[in-house]
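Since the structure comes first, as structure tokens, the remarks are kept for the end.
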Amino acid sequence: MLSSVCVSSFRGRQGASKQQPAPPPQPPESPPPPPLPPQQQQPAQPGPAASPAGPPAPRGPGDRRAEPCPGLPAAAMGRHGGGGGDSGKIVINVGGVRHETYRSTLRTLPGTRLAGLTEPEAAARFDYDPGADEFFFDRHPGVFAYVLNYYRTGKLHCPADVCGPLFEEELGFWGIDETDVEACCWMTYRQHRDAEEALDSFEAPDPAGAANAANAAGAHDGGLDDEAGAGGGGLDGAGGELKRLCFQDAGGGAGGPPGGAGGAGGTWWRRWQPRVWALFEDPYSSRAARYVAFASLFFILISITTFCLETHEGFIHISNKTVTQASPIPGAPPENITNVEVETEPFLTYVEGVCVVWFTFEFLMRITFCPDKVEFLKSSLNIIDCVAILPFYLEVGLSGLSSKAAKDVLGFLRVVRFVRILRIFKLTRHFVGLRVLGHTLRASTNEFLLLIIFLALGVLIFATMIYYAERIGADPDDILGSNHTYFKNIPIGFWWAVVTMTTLGYGDMYPKTWSGMLVGALCALAGVLTIAMPVPVIVNNFGMYYSLAMAKQKLPKKKNKHIPRPPQPGSPNYCKPDPPPPPPPHPHHGSGGISPPPPITPPSMGVTVAGAYPAGPHTHPGLLRGGAGGLGIMGLPPLPAPGEPCPLAQEEVIEINRADPRPNGDPAAAALAHEDCPAIDQPAMSPEDKSPITPGSRGRYSRDRACFLLTDYAPSPDGSIRKATGAPPLPPQDWRKPGPPSFLPDLNANAAAWISP
């Protein structure tokens, strides 16, 4: 989600009046203009006193600031800004907790955020408080203690009382790789990922969000009221992706334009497809979906009950049917053949027919309104539905045929009736425990394979041992030595070993010799130990999935999601664009002491066009000013006269992506944008190559700094936006100074260079 951060433009008189009460700002530091020839020099005018910080530092490559922070004591700059030796101490205030360490300690991990505090321009790039002589970071103080200890000892441990995502976010902010976590804490660190993966398997579309999307897509329906149940979080894994696809489509249609899928001109399909799909697929999406789920559950139970009763003797009728056939012998009388047929009660067949009709209707509705037919047919539950329905229709269609082929097919279909029992798996859509069992079996595949391997090895070993142990003490007259024992060969011993190792002990086979009894005792003990090893892992998986499923069901629905407030004026993140750097002397501005015109600043990425153009009496009436014949540029409003308030001096808006889980410290984003911290995972850069960061308001001074949210962009000749790499723009001058209009042609050329046609 995008939220706006207001950044004052400081252009015009009205913009300055919008600022909150603050100490008197110091005049902006800009390099002195190039010396003019003696005949062109103007009389010196009184100006503000020089800053105690000394003359401004020269510009670095890329027109980035590299001057020291104004108002910062020289001693502090020497201590924190790069002066002094590695033995100097540094104070870091993290979330109100002060930490003190040596600068040499922070340099042990170059390229990280803390290592940037030891660089010369650290006081200007980070939030430095000259009064308290400390750097401030509004982050988690408890996690920072572990991070700082990593710099001291070289070992990164994970606190047990901190949630994994929080620790991961803090590591990303400080620029530390998570792979540096010690092996002893790695399992503790990644526990949150296991929990997130387990929750994703139970993840479902938000019932409220789905209903809102459906309501926005069309008219309200009384039978589709939004009433999320207590168990609105569970879905079967086979159809979860289909549900997400459907609700994504619903959300896209609901948020579309008025004439699109979500507006009044939307099609009937886009309006009703998500609703009908949720009606038959997600029992927690609405009250009507609950009724459909209850009906489906009722017919499933009736179908299974009917299937079981068909095998009971009380519902089976044996009938003898006599069929007269022509004798194969010519001239012989017809023969009467009596066939014995087994039939079930007719009412059971009628009940099964009603159930099949419901299952057919449900299957057709689900496959018709499914957002992805391919994914639908890949689902195991949907395959079971289709296979359980087809035999009934084939049996009804072939029942009237008397050919031998038809009877063979009918016999096969009666055998295939057992597929109907698989409908019991459809209950997983309605019961959390069954879904938990399914997820547990899938998550414990490795443990099951390990258990099978252990059992296979034990069965092979003990079956061989019992075969030869029973041969000890055999009758000398018994050539095979198997007359006195049940174990006549090793394959028979496999069955005995499985029964013994699983502690079942049917008693159909048992050893009769003392050596065989000893082998049997060892087999039972080995079976207990073998099964006991992987079973706790499977039980733990079941407990984890069950607890997460219950927690997800009992988790209250969040109606109002917390969104962090945008930085306010006076906060470290409330910053202003840097004034443009000085240009080289212009060849056409060397006479009469006339100040060269400032450039027409192009709107930066994410900044409103208003406020991008300065105002003043210098403005060319046909280029920027509206009025008598004035056209203005790009549809901008006319600029005011000197005595009029400036409507363009308004706050610029910069958009920050708040959806980033680590909005304040994604190391990849910081490394790509060269923002807010030294480049992470990149070679060390000179101080001139790095963009300074706005110091916080905790220092008692006010000064314009380069905002880490802004980068310099210029339009290319073809109208596209690109980073400015050409000559630096003209310096800011006093627009109130009168001067002849000799520079107007150059101003037009400058405007044409900045503004795409």
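Positions of Cβ are set from backbone N, Cα and C atoms, glycine also.
What Swiss-Prot says about this one:
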type: REGION; residues: 1-87; note: region 'Disordered'
type: REGION; residues: 1-78; note: region 'Important for normal N-type inactivation'
type: TOPO_DOM; residues: 1-290; note: topological domain 'Cytoplasmic'
type: COMPBIAS; residues: 21-40; note: compositional bias 'Pro residues'
type: COMPBIAS; residues: 41-52; note: compositional bias 'Low complexity'
type: BINDING; residues: His157, Cys163, Cys184, Cys185; note: Zn(2+) binding site
type: REGION; residues: 210-232; note: region 'Disordered'
type: COMPBIAS; residues: 210-219; note: compositional bias 'Low complexity'
type: TRANSMEM; residues: 291-309; note: transmembrane segment
type: TRANSMEM; residues: 351-370; note: transmembrane segment
type: TOPO_DOM; residues: 371-379; note: topological domain 'Cytoplasmic'
type: TRANSMEM; residues: 380-398; note: transmembrane segment
type: TRANSMEM; residues: 412-434; note: transmembrane segment
type: TOPO_DOM; residues: 435-447; note: topological domain 'Cytoplasmic'
type: TRANSMEM; residues: 448-469; note: transmembrane segment
type: BINDING; residues: Thr503, Leu504, Gly505, Tyr506; note: K(+) binding site
type: MOTIF; residues: 503-508; note: motif 'Selectivity filter'
type: TRANSMEM; residues: 518-539; note: transmembrane segment
type: TOPO_DOM; residues: 540-757; note: topological domain 'Cytoplasmic'
type: REGION; residues: 556-613; note: region 'Disordered'
type: REGION; residues: 682-746; note: region 'Disordered'
type: MOD_RES; residues: Ser686; note: phosphoserine
type: MOD_RES; residues: Ser691; note: phosphoserine
type: COMPBIAS; residues: 728-743; note: compositional bias 'Pro residues'
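Sequence-distant contacts of the transmembrane segment (448-469) (same chain, six or more residues past either end, CB-CB distance under 8 Å): 441, 487, 489-491, 493-494, 496-498, 500-501, 511, 513, 515-516, 518-520, 522-523, 526-527, 530-531, 533-535, 538.
The 10 Å shell around the Cβ of His157 (Zn(2+) binding site) contains 15 further Cβ atoms across the protein chains shown.
Counting in whole angstrom, Thr503 (K(+) binding site) lies 43 from Cys163 (Zn(2+) binding site) by their C-alpha atoms. Ranking the binding-site residues His157, Cys163, Cys184 by Cα distance from Gly505 (K(+) binding site) puts Cys184 first. The number of other CB atoms found within 10 A of the CB of Leu504 (K(+) binding site), across every protein chain shown, is 10. Residue environment of Thr503 (K(+) binding site) contains 10 other Cβ atoms, counted within 10 Å of its Cβ in all protein chains. Within 10 Å of the Cα of Leu504 (K(+) binding site), not one of the binding-site residues from the list His157, Cys163, Cys184, Cys185 places its own Cα.
Taking Cβ pairs closer than 8 Å, the transmembrane segment (518-539) reaches residues 440, 444, 447-448, 450-451, 454-455, 458, 462, 465-466, 469, 497, 500-503, 510-511 in its own chain, all 6 or more past its ends.
Counting residue by residue with DSSP, the topological domain 'Cytoplasmic' (371-379) contains 6 helix, 0 strand, 3 coil.
A 10 Å cutoff on Cβ-Cβ distances gives Cys163 (Zn(2+) binding site) a total of 12 other Cβ atoms nearby, all chains included.
In this structure, the C-alpha atom of Cys163 (Zn(2+) binding site) lies 51 angstrom from that of Tyr506 (K(+) binding site).
Within the group of binding-site residues (Cys184, Cys185, Gly505, Tyr506), the Cβ with the highest number of other Cβ atoms inside 10 Å belongs to Cys185. Distance between Cα atoms for Cys184 (Zn(2+) binding site) and Tyr506 (K(+) binding site): 46 Å, as a whole number.
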